[in-house]
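Residues annotated as active site, nucleophile in TrEMBL: CYS439. What TrEMBL records for CYS318, ALA319, ALA320, PRO321, GLY322, GLY323, LYS324, ASP342, ASP386 is S-adenosyl-L-methionine binding site. Residues or ranges marked as compositional bias 'Basic residues' in TrEMBL: 1-22. The domain 'SAM-dependent MTase RsmB/NOP-type' annotation in TrEMBL covers 229-485. Under the heading region 'Disordered', TrEMBL lists 1-24.
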Amino acid sequence: MNRPPHRRSSQSGKHPQHKRKSIPPNSRWFAFRALQAFHERQVFVSRVLNDQFKEERIDSRDRKMATELTCEAVRRMQTLDTILTSFVSRRREEVEDDLWILLQLGCLQLVFLPHYPSHAAVHETVELCRRIDRPRAAGFLNGVLRSIERSIVSRKPVDEIDLAQLSASELPIRRSRPDEANYEVVKFDSNLFWSPTVDSLSYVSDVGSLPQWLIQRFPTESDEQRLQLALWLTTPGRMWMRVNPLQTDREKTLEVLAAAEVKAQPGQLPESIQIDGHVAIIDLPGYDEGWFSVQDISAMAVTDLLDPQPGETVLDLCAAPGGKSTHMAERMENRGRIIACDTGANRLRMINENARRLQLTCIETHLVNENETSFPANAVDAAVVDVPCSNTGVLGKRPEARWRLLPGDFQSLVPLQRRLLTQAIDQTKSGGRIVYSTCSIDPEENEKLVQSVVDQRDDVKLIREQKHFPGQPSDGGYQALLMRD
Ligand SMILES: C[S@@+](CC[C@H](N)C(=O)[O-])C[C@H]1O[C@@H](n2cnc3c(N)ncnc32)[C@H](O)[C@@H]1O
């Protein structure tokens, strides 16, 4: 058998509100509820989790596990459905949506999260059947999950992955902890996927849990690279922190992290710190005092490339929630003016909150409308235009993004990006710098777009481009530095 006879459709339909049973809520229950809400409301995973954490009392350990289970289940949905299809004899349409979510959760733990004991993964998931008033489905769930558990023949840690050496019964999983090998290859006792040598695109799509059309857009040169990129995008990647030099320094922040038993090391930029694993930074001493922020190293590269100077006036055209604006204000020693514009009123408020915490006063926020042509400033010294994009460089961090993006989205994104870049150039004075930035790896949103704008104008030059390939060392993205003549 090369692959299962049919693909499962995505989750749909209404979920009844379940009455609470007397079993105390735990992280698996929270994850189940979050996944239910995610499929029902079609909103961001972080939003359903935050809503739930606000509604229910949940300790930090359960919160961490519920977050991990929910994000992983959404990100790995296609792989989970592919595996389940082989073990469930009923057609997907014949299995209630809630039971399918429980199957996904159980399968996720058994296959991808071996740090949860398999007996607990099966037992606790089956218990949830009773909690949602489906006690008669317990046997069915137990049977499916036990056969998945039995079908796992081996788990092999490897540092390099070779597509030609993999088979249709093998699932490569990217591991991102520094004390682990880069990958683990899980071998099943039968072929659950397409053969990687016969149809590598389908294999990569199933094991990397990504739509085929999206993989076909990857700027990769070989099937091997495609697989590596797809697997990298199944992990959230390493966490990075940015130190606020106006409130503290990197040494002190590293001491705070060491005291909290968080392994961390200085990054290449003087304000950057790389964290091993993940840490709830809001719980760290110094957070309320504005000592640091979470920001990926490839996002920090935007401000580094623009190199804003104290006293300058800088326009941040797509500013919310303020990652680049606050970084620029720190680099400018809080002297000068940052004009932070955005179309999202709520998101604009987040800039003010961030600036307040970081004790930065040189940022002015401005709500603009989508067809804005006049901005609160012109002839600025420098401008950042960090446009809305496909997010293809950060799919690991945004669990739902891969399922939300549609091939046609590029047709609306690219003209908007072009317009925003043009506006940023128009607002910048002669000799001024402009940085165009995305968290995409798609050439249409990146180098092709910038080149076509530069080709059409004789008042701007392309000075430098920076491409960040996902995993090297962190999030994917693109920046171009332009200079106005
Ligand atoms: C990639 S995010 C910006 C992230 C931000 N620069 C940071 O570092 O935190 C893109 C932003 O563009 C905003 N946006 C979308 N259309 C816009 C427009 N026409 N004018 C200005 N901002 C827009 C969105 O609301 C969103 O906040």
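Here, residue 1 is simply the first one shown, and the rest follow in order.
Keep in mind that glycine also has a Cβ here, set from the backbone N, Cα and C atoms.
Remember, TrEMBL labels are computer predictions, not curated facts.
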According to DSSP, which kind of secondary structure is LYS324 (S-adenosyl-L-methionine binding site) found in, if we only use helix, strand and coil?
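Looking at the DSSP assignment, LYS324 (S-adenosyl-L-methionine binding site) belongs to a helix.
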Averaging the per-residue pLDDT over the domain 'SAM-dependent MTase RsmB/NOP-type' (229-485), what integer do you get?
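Averaging the confidence scores along the domain 'SAM-dependent MTase RsmB/NOP-type' (229-485) gives 95.
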May I ask for the distance between GLY322 (S-adenosyl-L-methionine binding site) and CYS439 (active site, nucleophile), taken between their Cα atoms and rounded to an integer number of Å?
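About 15 Å separates the two Cα atoms.
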Around the C-beta of CYS318 (S-adenosyl-L-methionine binding site), how many further C-beta atoms are within 10 angstroms, looking at every protein chain?
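There are 23 of them.
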If you draw a 10 Å sphere around the Cβ of the residue listed as 'active site, nucleophile', how many other Cβ atoms fall inside it, taking every protein chain shown into account?
27
Would you kindly give the Cα-Cα distance separating CYS439 (active site, nucleophile) and ASP386 (S-adenosyl-L-methionine binding site), rounded to the nearest Å?
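Answer for this pair: 9 Å between alpha carbons.
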Cα-Cα, whole number of Å: CYS439 (active site, nucleophile) versus LYS324 (S-adenosyl-L-methionine binding site)?
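Taking the Cα atoms only, CYS439 (active site, nucleophile) lies 13 Å from LYS324 (S-adenosyl-L-methionine binding site).
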Other residues near the S-adenosyl-L-methionine site, CB within 8 A of the CB centroid of CYS318, ALA319, ALA320, PRO321, GLY322, GLY323, LYS324, ASP342, ASP386?
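Leaving out the recorded residues gives ASP316, SER325, ALA340, ARG347, ILE351.
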Using only the residues recorded as binding S-adenosyl-L-methionine (CYS318, ALA319, ALA320, PRO321, GLY322, GLY323, LYS324, ASP342, ASP386), report the maximum Cα-Cα distance in Å, whole number please.
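In whole numbers, the farthest two Cα atoms are 13 Å apart.
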Let me make sure I understand the structure: which of the binding-site residues listed (ALA320, GLY322) has the fewest other Cβ atoms within 10 A of its Cβ?
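Candidates: the binding-site residues ALA320, GLY322. Fewest Cβ atoms within 10 Å: ALA320.
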Can you check what DSSP calls ASP386 (S-adenosyl-L-methionine binding site), collapsed to helix, strand or coil?
strand
